[in-house]
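Visitor: Below is the structure I would like to discuss, written out as structure tokens.
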């Protein structure tokens, strides 16, 4: 059955800030304590969404999470009304409070892993929210993510939703940032590539030394089971631990795939040549499979991480070609820009590039690919999706107006002591749930 891939981009939340919370994420650490501009951030993301819509692609919208997370502050011993809790937390532990204000749910590549219906034995699209338990501020996300997914994909005949994996390091799961699907077309059976950083139980597999491996082999295996994946639709590979120690905290910082193309760095995988051969042999399609391996001599790991070349989106266009959606940092890096120009002139489906200014997200370590969750859907499945989360010209205008009304243009450390930021944020999200027809998905709505 004909199908297409829909990118559901995360709307940046009203409390977007630079707290340097993500150890192993170089950009996040380097920009800690800088002033942020939430309004600019959300509008930059919306501009990218609108550009994809204008290209003829079906584009979805993924709502942000409610922040600050007062429930976790209550669990950690802070009491009183909302303003008192914020005041106490700000005075006792301002870093903790900033973590509870984090807008990291904007990076929906970490929201969940999605398996399309052609790959599953029951013919349904499967979703499992990521537990994200390697980082405290991200571990707060899975319950709300699951509620949002159920509000967006709310038809049991087509969609299966699973509880996130156990909240424990042995099953550390970072979602689609470590997952790519290869196929001849989105409506045909594909090969789902799961990339892990380490094994919790197998001590013989190497591990990074400096930075943590956030995705475990055991988590990836569990997702394959939960999603009822066909044996021929799954392959598990280990990321090169050496590049994790150089700031490649997810596979989507060192590789990106789409349909019958894998674009990866020469050092992306452990035992790379064998890994690439395994992918070629496991590919279930009939089309030529392209592996574009970027040599270190042309793009160093440092350049890959600073430019986020591999955190670009790779999307299929109606004429069968592919577009690389890259951050402007790639254009500013001469080595990376030269390689992109060489690549789009070579014999492969990628024949054009478009650069976007996503500086607000990039400074926290998230490029174009971080901001989107890919969901392949056939016509019946797309018709079953909540239509109000699909971007239209009208919806784009409504969302821009909503953001300009509700978002501040600067946030610094002292602003997190202001209870008005909470009320502004909650009011904005309450309005957004009506705009996207999500119902009650946030704790403050469910408890009110």
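Backbone N, Cα and C atoms are what each Cβ position is placed from, and that goes for glycine too.
Marked as substrate binding site by Swiss-Prot: 19-28, 110, 137-138, 214, 252, 364. The active site feature in Swiss-Prot is assigned to 174, 250. Residues or ranges marked as active site, nucleophile by Swiss-Prot on the basis of sequence analysis: 370.
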Visitor: Test of understanding: give the count of other CB atoms lying within 10 angstroms of the CB of residue 252 (substrate binding site).
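Guide: The answer is 30 other Cβ atoms.
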Visitor: If I take the alpha carbons of residue 250 (active site) and residue 138 (substrate binding site), what is the distance between them in whole Å?
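Guide: Between the alpha carbons of residue 250 (active site) and residue 138 (substrate binding site) there are 14 Å.
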Visitor: Whole-number Å distance between the CA of residue 370 (active site, nucleophile) and the CA of residue 110 (substrate binding site)?
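Guide: That separation, Cα to Cα, works out to 7 Å.
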Visitor: Roughly how many angstrom lie between the C-alpha atoms of residue 252 (substrate binding site) and residue 174 (active site)?
Guide: 11
Visitor: Do you know offhand how many angstrom separate residue 174 (active site) and residue 138 (substrate binding site) by C-alpha?
Guide: 10
Visitor: Would you mind checking how many other C-beta atoms are within 10 angstroms of the C-beta on residue 138 (substrate binding site)?
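Guide: For residue 138 (substrate binding site), the 10 Å Cβ neighbour count is 22.
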Visitor: Relative to the Cβ position of residue 370 (active site, nucleophile), how many further Cβ atoms are located within 10 Å?
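Guide: Total other Cβ atoms inside 10 Å, all chains included: 27.
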Visitor: What kind of secondary structure is the residue listed as 'active site, nucleophile' part of, going by DSSP in three states?
Guide: coil
Visitor: Including all protein chains shown, what's the count of other C-beta atoms within 10 A of the C-beta of residue 110 (substrate binding site)?
Guide: 29
Visitor: So, in DSSP terms, is residue 110 (substrate binding site) helix, strand, or coil?
Guide: helix
